[in-house]
Amino acid sequence: MSVKAPITQDVVTIPRKLPEGRINLVGLTRDRMREVLIDHGTPEKQAKMRVGQIWQWIYQWGVRDFEAMTNLAKAYRAQLAEHFTIEIPEVITRLVSEDGTRKYLVRIAGGHEVEVVYIPEEDRGTLCISSQVGCTLTCSFCHTGTQKLVRNLTAAEIVGQVMMARDDLGEWPVPGAPKDETRLLSNIVLMGMGEPLYNFDNVRDAMKIAMDPEGIQLSRRRITLSTSGVVPEIARTAEEIGCLLAISFHATTDEVRDVLVPINKRWNIEELLSALAAYPKVSNSERITFEYVMLDGVNDSDADAHRLLDHIRRYKIPAKINLIPFNEWPGAPYKRSSNNRIRAFANIIYQAGYAAPIRKTRGDDIMAACGQLKSATERARKSKKQIEAETGL
């Protein structure tokens, strides 16, 4: 009997509630921020305006101190400071690769840790963020998959990773200064720790904040969500987020994908392709990215390349195929395909008319490359009662 991957998970999301009882405004939707402001003394008629002002200070200017919000009355600033706070994850370690890649280990509520990676390139700067502490999917080639799932990240902890990186890059604009169109952090990829679609609501709320035109102001075309194939949530992603989609495909037969990406036992290749075919039209995306890690003797044959093309053509999916040389980690059960084999695989796809870039490995000297992320301090799964005790809830 085959093992079914779960549709939902036995995992809790811990809200960011500080010991003194103040509410963290980071991660709240505009509607929720309006509610909490009214609950703590903001006149209802002023609440929408106040949300707009505070929102810009937090997400456009990167301000964390209410006293610095100079377009608010001094008494109101004091009132805000009494009831609210502006908190983001704490950076524990920061490693910089020889190629300029930065890897951050950040601490969140309960003492848990996640990893975040910034990858600078000539024409862009990409931040790879996490959505869960650990992961439940146990993809056999992925280092994160060896770390037990502890919990989902809150919307504050997800968008807080973006804010933390902007802090480190010194990229918050200064009010009144000339606008600089050059952005060091121009793209977000949800390709860090965890399966984003198993934490849909928090990921959606965080990305809505990142895309807000009065805040961080990233276009949805600059945000890519990578999923292993949580089929029921793919349509929701198109409708409610509308960002670009990448699929961790990695195999062309169910037999191999069941091993590499075990969620395939729940939603097989045909079910996945059917869901992917509808995504571009609903989300207005030009194409879907197929991520394909190259494993020596496992999924890298010419026959695999032709099967991959057959899948894409059969479902008429506008696609780009990202070929990823396997980044080895201690105890990994696979080896990287040879450069010649990867190039031959890419050439078959390219000759068929599809883009097939070979991803340049970045940050592997600091274990920041694709598939290498894992918290330095690993935590086992905890019960809701244990987590609540840790966080003082």
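We count from 1, first residue shown onward.
Cβ coordinates are placed from backbone N, Cα and C, and glycine is handled just like the others.
E115 (active site, proton acceptor) falls within a strand when secondary structure is assigned with DSSP. Taken from Swiss-Prot, the feature active site, proton acceptor covers E115.
The active site, S-methylcysteine intermediate annotation in Swiss-Prot covers C370.
Annotation comment: Swiss-Prot describes C135, C139, C142 as [4Fe-4S] cluster binding site, evidence class sequence analysis.
Annotation for H250 (S-adenosyl-L-methionine binding site): spatial neighbours C139, F141, R257, L260, V261, E291, Y292, V293, N299, criterion Cβ-Cβ under 8 Å with sequence separation of six or more. In three-state terms derived from DSSP, H250 (S-adenosyl-L-methionine binding site) belongs to neither a helical nor a strand segment and is classed as coil. Look at Swiss-Prot and you will find G194, E195, S226, S248, F249, H250, N327 tagged as S-adenosyl-L-methionine binding site.
Around the Cβ of C128 (disulfide bond), the same chain contributes V116, V117, Y118, I119, V189, M191, G192, each under 8 angstroms and 6 or more positions distant in sequence. Taken from Swiss-Prot, the feature disulfide bond applies to C128-C370.
Sequence annotations record features per position, and here Swiss-Prot assigns domain 'Radical SAM core' to 121-365 based on sequence analysis.
The Cβ of G194 (S-adenosyl-L-methionine binding site) has 30 neighbouring Cβ atoms from other residues within 10 Å, across all protein chains displayed. E115 (active site, proton acceptor): 24 other CB atoms within 10 A of its CB, across all protein chains. Within 10 Å of N327 (S-adenosyl-L-methionine binding site), as judged by C-alpha distances, the recorded positions found are C142; the full candidate list was E115, C135, C142. Under the three-state DSSP scheme, C139 ([4Fe-4S] cluster binding site) falls in the coil class. When the binding-site residues C135, C139 are compared by the number of other C-beta atoms lying within 10 angstroms of their own C-beta, C139 comes out lowest. The shortest Cα-Cα distance from G194 (S-adenosyl-L-methionine binding site) to any of the recorded positions (E115, C135, C142) is found for C135.
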